[in-house]
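One structure is given here, and the rest of the page talks about it.
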Amino acid sequence: MLYKGDTLYLDWLEDGIAELVFDAPGSVNKLDTATVASLGEAIGVLEQQSDLKGLLLRSNKAAFIVGADITEFLSLFLVPEEQLSQWLHFANSVFNRLEDLPVPTIAAVNGYALGGGCECVLATDYRLATPDLRIGLPETKLGIMPGFGGSVRMPRMLGADSALEIIAAGKDVGADQALKIGLVDGVVKAEKLVEGAMAILRQAINGDLDWKAKRQPKLEPLKLSKIEAAMSFTIAKGMVAQTAGKHYPAPITAVKTIEAAARFGREEALNLENKSFVPLAHTNEARALVGIFLNDQYVKGKAKKLTKDVETPKQAAVLGAGIMGGGIAYQSAWKGVPVVMKDINDKSLTLGMTEAAKLLNKQLERGKIDGLKLAGVISTIHPTLDYAGFDRVDVVVEAVVENPKVKKAVLAETEQKVRPDTVLASNTSTIPISELANALERPENFCGMHFFNPVHRMPLVEIIRGEKSSDETIAKVVAWASKMGKTPIVVNDCPGFFVNRVLFPYFAGFSQLLRDGADFRKIDKVMEKQFGWPMGPAYLLDVVGIDTAHHAQAVMAAGFPQRMQKDYRDAIDALFNANRFGQKNGLGFWRYKEDSKGKPKKEEDVVVDDLLAKVSQPKRDFSEEEIIARMMIPMVNEVVRCLEEGIIATPAEADMALVYGLGFPPFHGGAFRWLDTLGSAKYLDMAQQYQHLGPLYEVPEGMRNKARHNEPYYPPVEPARPVGDLKTA
């Protein structure tokens, strides 16, 4: 053996050909700082081999390299700019030395080669892949850009347009697309990968393939005329501005860096990449987006641990068809769990089946499935007016009208029709689970399962643990939600659970602003354009349904009378009484008309101003800062209360529930990440300016204690000490 590190080794294969094998402990290879340093040492050994003729890179895992070790990022991003820049120079010197070896090199790439894994193989002369390949540079999704030469090598290999599409969007592509655009040189079956790579290497060694000519473009300026460059980069910048917007600086920075580096050779181009990467790594956006990635891993890991001893349900049932029931049935069937869909009338069943068929037809139109697959999935949804087949189901979710009496009656009747070990769940959005459990003989087999609309798009499912819900019940429902491709987060029971409990104080802040004379149009604009919500509160209420919000508001007020009870008529009351229910009947804060694609498009409606004038003070202007503060403080305070009361277990789960359930702007990272970025002391100062507005603006005691020492909610992160000889950079 020529070299052995903790995560890779180097050995001779045959006749002057060496293999460098990535083989980290555990299930996957990551390109962490230690592996980069180890790679440098291995290349140092290769540089001393006078009889070296060629090099094969491969992996001993099911995936080549899944990317950099993102768990290192937050601490790496705290390293001072100069030191981080030095380390990146060192890392790039390693990849340059790989690229500059005086022999042909090939990467045999199986499975994933993402981020640093992709950048590593870009430094080799040839790339041969297996059909399961996913290769790309997702860094911009984490608020950064490629830092190991990806923004330099990829455009010079693929051309500017293809590279910009991958880098700016943070995309990865499959084997066929990678071959088409020149990211890999061939695709072979997994069992032929090493054999095929060796054949290419021998051809290069024998002179049948000109490996030096293959390498040369990566070392030179980008081959684009001034007109071509102007077109490519202008179009790319326009697309990025439209899709990413001002809150996500990484994509536009990446495009501008590639543009600036286009006229330079490798060394100067890499220097420009370094100068762009380092400031991005120190942005709040990068910390927030990396935090979301890590929180997502944490939440999924927690679900996996929770379900390790239970069997995933093999047969499910939905009570109540319609749009929501049809959406749940589709999602379950689509992911391989057959479902019985029951309702008391044919019309609702037809609506539910139509919804499922519509979603499947969209998959067909996009080429994701063929007619055979569509027929196969739809055949696993069984509509019924009775309880036929319910003796075989493992889990039932009730999705009938949001009325406790109706829900209790339906659940109690269903309990008599299923096996004693069948789990029942309610898709209620606000009614306490422990209250509904009172109607059941086996409350330990019951919990909440709150889906978000539209079911097929929204990743979150809130799993609500009632007072008597057993651990096994929770685990089975979490397993089903995970099987459906959802992100389940377990919360404890209370009115509104977690997501709706924190949403309604936000709506209350909106109502108070309107009462004090604010214009809902400006509030929507500020909360969308400045804070970054996908919809402002008025638009969101129209989408949720003014009638739904009016009902839920009453439930929340009964549950938390001290904070959420109001003693005045507000905008929601005014619109509800005027039969303006939002998008569902075309009239809410806005008027809605269908566009050419049949989607509701909002328009101004002056009638609303007259309605709101009856429940508001005369119109006056509010600053953007005041609007954001008055909207966000009630929500954030309630989020903190939920953590303090144990409704939600951790800041990570709270933030993921907000991002996945409400669309909390990802570049803020969630309420707790936003709080930590702001600082608890600064937040307290801001909130105290508004505490005269009522109990929703009063900061919880636990947060006051944290603010005294400006303590964060997430565990403090220490700056990293990257492995690598900075002096050689």
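Heads up, the Cβ atoms here are built off N, Cα and C, so glycines get one too.
What Swiss-Prot records for His450 is active site, for 3-hydroxyacyl-CoA dehydrogenase activity, and it gives sequence analysis as the kind of evidence. Within its own chain, His450 (active site, for 3-hydroxyacyl-CoA dehydrogenase activity) has Asn427, Thr428, Ser429, Val461, Glu462, Ile463, Ile464, Phe497, Val499 as residues 6 or more apart in sequence whose C-beta sits under 8 angstroms from its own. His450 (active site, for 3-hydroxyacyl-CoA dehydrogenase activity) falls within a strand when secondary structure is assigned with DSSP.
For Asp296 (substrate binding site), the count of additional Cβ atoms within 10 Å of its Cβ stands at 17 [all protein chains shown]. Taken from Swiss-Prot, the feature substrate binding site covers Asp296, Asn500, Tyr660.
The annotation NAD(+) binding site is assigned in Swiss-Prot to Met324, Asp343, Val400, Val401, Glu402, Lys407, Ser429, Asn453. Under DSSP, Met324 (NAD(+) binding site) is assigned to a helix (H, G or I) in the three-state scheme. Of all Cβ atoms in the protein chains displayed, 21 besides its own lie within 10 Å of the Cβ of Met324 (NAD(+) binding site).
Among the features that Swiss-Prot reports, region 'Enoyl-CoA hydratase/isomerase' is placed at 1-189, with the record citing sequence analysis. Taken together, the residues in the region 'Enoyl-CoA hydratase/isomerase' (1-189) have a mean pLDDT of 97 on the 0 to 100 scale.
Positions annotated as region '3-hydroxyacyl-CoA dehydrogenase' by Swiss-Prot, on the basis of sequence analysis: 311-729.
Per Swiss-Prot, region 'Disordered' is recorded for 707-729.
Largest Cα-Cα distance over the residues recorded as binding NAD(+), namely Met324, Asp343, Val400, Val401, Glu402, Lys407, Ser429, Asn453, equals 20 Å. Of all residue pairs in the substrate-binding list (Asp296, Asn500, Tyr660), the one with the greatest Cα separation is 21 Å apart. According to DSSP, Val400 (NAD(+) binding site) sits in a coil region rather than a helix or strand. For the recorded site, Asp343 (NAD(+) binding site), the DSSP three-state label reads coil. The 10 Å shell around the Cβ of Asn453 (NAD(+) binding site) contains 15 further Cβ atoms across the protein chains shown. The DSSP secondary structure for Tyr660 (substrate binding site) is helix. Summary for the binding-site residues Asp343, Glu402: the Cβ-based neighbour count within 10 Å is maximal at Asp343.
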